[in-house]
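**Q** The compositional bias 'Polar residues' feature in TrEMBL is assigned to 1-15. Here TrEMBL flags 1-21 as region 'Disordered'. Annotation comment: TrEMBL describes 83-102, 114-136, 163-184, 196-219, 225-247 as transmembrane segment.
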Amino acid sequence: MLPTTSVNSRSQGNGVLSPRDAARHTAGAKRYKYLRRLFHFRQMDFEFALWQMLYLFTSPQRVYRNFHYRKQTKDQWARDDPAFLVLLSIWLCVSTVGFGFVLDMGFFETIKLLLWVVFIDCVGVGLLIATLMWFISNKYLVKQQSRDYDVEWGYAFDVHLNAFYPLLVILHFIQLFFINYVIISDSVIGYFVGNTLWLIAIGYYIYVTFLGYSALPFLKNTAILLYPFALLIMLYLISLACGWNFTKMLCSFYKYRVK
């Protein structure tokens with residue numbers, strides 16, 4: 001059984017936060033606490049963040065059960081510990097350096113690629129997707145329109161990070177071992193292997209995103225978040241029929257961006 005929020009944090013046990021506790025739970029206060037911990041590594045739980053990264057591959061439902069626990073104990077769905085973000089940043093740096101090595105990029109080209117991947121692919125796209133999903137879920141998926149039942153923007157960004165991590169590992173790590181020898185060749189097996197990895201990676205992103213929003217008990221019709229699977233599979237089949245090589249296109253794009 002998950003622990004519940006202490007009655008002492010409520011006003012006369014009626015479920016309403018006292019003014020002092022309410023101030024602690026504002027978006028600004030949560031954001032300040034999160035950013036402040038970002039500079040105190042000793043306060044971060046890296047072991048637990050590694051546990052989350054492992055289970056995002058094997059059992060992502062268990063990761064979101066922990067979000068339920070955080071809501072019960074700290075009255076917020078979003079992470080209050082930036083350890084996951086720090087480890088994800090390290091993964092980004094390592095995998096991007098590996099990508100630059102495989103594509104035979106120089107030092108400064110690899111640095112440019114790293115900046116592009118971190119600030120555009122991860123943060124920029126993440127902010128856009130999180131904001132879009134935050135708006136859609138609060139506008140159309142909430143069962144009861146109320147301030148007590150809304151999706152936190154921080155939680156929407158956490159869902160993106162959770163879904164982005166498996167995609168990053170598949171496309172920026174596992175794929176590296178096949179790029180030069182298999183994928184970028186002009187053979188059928190080349191674009192089949194590459195496009196299949198893209199199918200798995202984006203499929204993971206869609207599924208983990210769906211789990212993130214379906215875990216919120218006040219949302220409805222979250223199954224519609226699985227609909228992009230149909231478009232993904234159709235695009236995958238068309239790419240195989242037309243001989244499109246998504247990885248080769250990505251490599252060409254990255255080389256163009258770092259020139």
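In case you wondered, yes, glycine gets a Cβ from its N, Cα and C as well.
Those TrEMBL annotations? Automatic predictions, nothing curated.
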**Q** So if I exclude everything within five residues of the ends of the transmembrane segment (83-102), which remaining residues of that chain have a CB under 8 angstroms from its CBs? That is, six or more out.
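**A** That would be 38, 41, 44-46, 48-50, 52-53, 109-110, 113-114, 117-118, 122, 158, 161, 164-165, 168-169, 172-173, 176, 179-180, 254.
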**Q** Please figure out which one of 114-136, 163-184, 225-247 racks up the most CB pairs under 8 Å against the transmembrane segment (196-219).
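**A** Stretch with maximum Cβ contacts: 163-184.
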**Q** Give residue numbers and ranges for long-range contacts of the transmembrane segment (114-136): same chain, 6 or more residues beyond its ends, CB-CB under 8 A.
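**A** Cβ under 8 Å, 6 or more out: 88-89, 92-93, 96-97, 99-100, 151-153, 156-157, 159-161, 164, 168, 172, 209, 213, 254, 257-258.
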